[in-house]
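Taken verbatim from TrEMBL:
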ACT_SITE  CYS426  active site, nucleophile
ACT_SITE  CYS426  active site
BINDING   GLN300, TYR329, GLU350, ASP399  S-adenosyl-L-methionine binding site
DOMAIN    1-61  domain 'TRAM'
Amino acid sequence: MRKKNVVLEKVPVTAYAAEGKALARQDGKVIFIEGGVVPGDVVDVRLHKNKKDWAEGKVVNFHVYSDKRVAPFCHHFGTCGGCKWQMMPYSLQLEYKQQQVADHLQRIGKLVLPAMDNILGSAHTEHYRNKLEFTFSNKAYLTNEEIRENNGEIPVKPALGFHVPKLFDKVLDINTCYLMQEPVNLIRNTIRDYAIAHDLTFYDIRQQEGWLRNLVVRLCTTGEIMVNLVIHHEDKANRIALLDHLLQTVPAITTIVYTINPKKNDSIFDLEPVTYFGKGYAEEKLEDFVFKIGPKSFFQTNTYQGEVLYKVTRDFAGLTGSEIVYDLYCGTGSIGIFVSRNARKVVGIELIKEAIDDAKENAARNNVTNAEFFAGDVVDICDDAFFAHHGQPDVIITDPPRAGMHEKLVNKLLEIAAPKIVYVSCNPATQARDLALLDALYTVEKVQPVDMFPHTHHIENVVLLKKRANN
Ligand code: SAH
């Protein structure tokens, strides 16, 4: 056994690897490093995994700070799990993301790549999200500094903010968050201040008690603002007083719903939100398409870059109006609807029935009459009979979750052999694995990474595959 708890000293960090870990090489070994390091830093690393060819650890000391570093703009940086790459200039973040897509496709996919297009950066590097979920907790997470200021005592304070990574019962009280535009900070801080002033209880996840549980805010490019307050049980008088105070303080809010969640877990998908004010949903726009977004609907979290992503997808599909297009993992149908005017017909498939209901409603709202949507597992639905009934696809658009496509589906796509596949991915590692299988029939024609999440290591990547001429 190689020793685990050793500290490697003065390790020069050279690059980034997957999942936001930095990379260094020492004595022929690859070292993955967690903890806010930047290539150019020289650091001591405490290992928690130590194998023959590689090791993994956390930074414990800095000897040299990289000259590439910039000052993080958020005062919650370092504690909050959110925007962990703020210490790097945006242009460098984009370089590393671009590099990682190429690495994955070449190393995991072993693919011959065309010249890759440069990653499309986000015009908005702050305030780019359209939705955030905050958590109430009776136990605020305190930084070491705050504990020191309190002479080592840990006072129990309520908090409304984000979960601290790896600490399930602690929440970081958030003052200002740069992920969404105002009035999101005003909404959150108004509710917190009112709740504290009126002795309303914040949820205790260990004891399973307390009234206020979660706050979800959605802000659309149309100007609509939806608030969903999740409470443990009904308390009519306090609920009305709190929500009325919120409306008076933030009159820009267009709709408020509340959800009663007496369960142990935080998920609201099996619960029914109740409309308190306004229409109970919000409307978002992509180009001139309007989407209805309910409290439980999924929608791309960066509207501006969502539009860019869909444009790349539509462009790669190269539609002329005569094609049958399949939209696999279609969610609420937004990609299918976005390309529908350029296609003869769109067939969307998605696991979650409520998402398919939204997709149908969104198609109707936008007068899209050439799209059909089906709920179920893509692996089960996509059989020969289904393709025979709905028509052989000219283009398949696929946008799976992080795990990528099931191998059975990949094999089915190889059998169906559509002339083109557009593969949209939020995880280039699993995308590369799937592309390696599709390589039996398809060549990679185009690769376009899109940055949806500035200051995080997350990458979105669109690939166009074309069937080889000799097959
Ligand atoms: N294309 C959509 C959503 C992509 S997210 C958009 O751009 O908005 C991936 C979607 O795949 C999710 O909606 C998830 O519910 C769905 N999904 C996950 N596993 C699935 C499966 N086995 N079969 C069908 N859909 C699945």
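From the backbone N, Cα and C atoms, a Cβ is placed for every residue, glycine too.
Only TYR329, ASP399, in sequence order, out of the recorded positions TYR329, ASP399, CYS426 have a CB under 6 Å from ligand 1. The Cβ of GLU350 (S-adenosyl-L-methionine binding site) lies under 8 Å from the Cβ of TYR329, CYS330, GLY331, THR332, GLY333, ILE356, ALA359, PHE373, PHE374, ALA375, each of these being in the same chain and 6 or more residues away along the sequence. Within the same chain, the residues at least 6 positions away from CYS426 (active site, nucleophile) whose Cβ sits under 8 Å from its Cβ are PRO401, ARG402, HIS458, ILE459, GLU460, listed in sequence order.
Taking the mean position of the Cβ atoms of GLN300, TYR329, GLU350, ASP399 as the S-adenosyl-L-methionine site, the remaining residues of that chain whose Cβ falls within 8 Å of it are PHE298, ASP327, CYS330, GLY331, SER334, ILE335, PRO400, VAL424. DSSP places the residues of the domain 'TRAM' (1-61) in helix, strand and coil in these numbers: 3 helix, 38 strand, 20 coil. Counting other Cβ atoms within 10 Å of each Cβ, the lowest count among the binding-site residues GLN300, TYR329, ASP399 belongs to TYR329.
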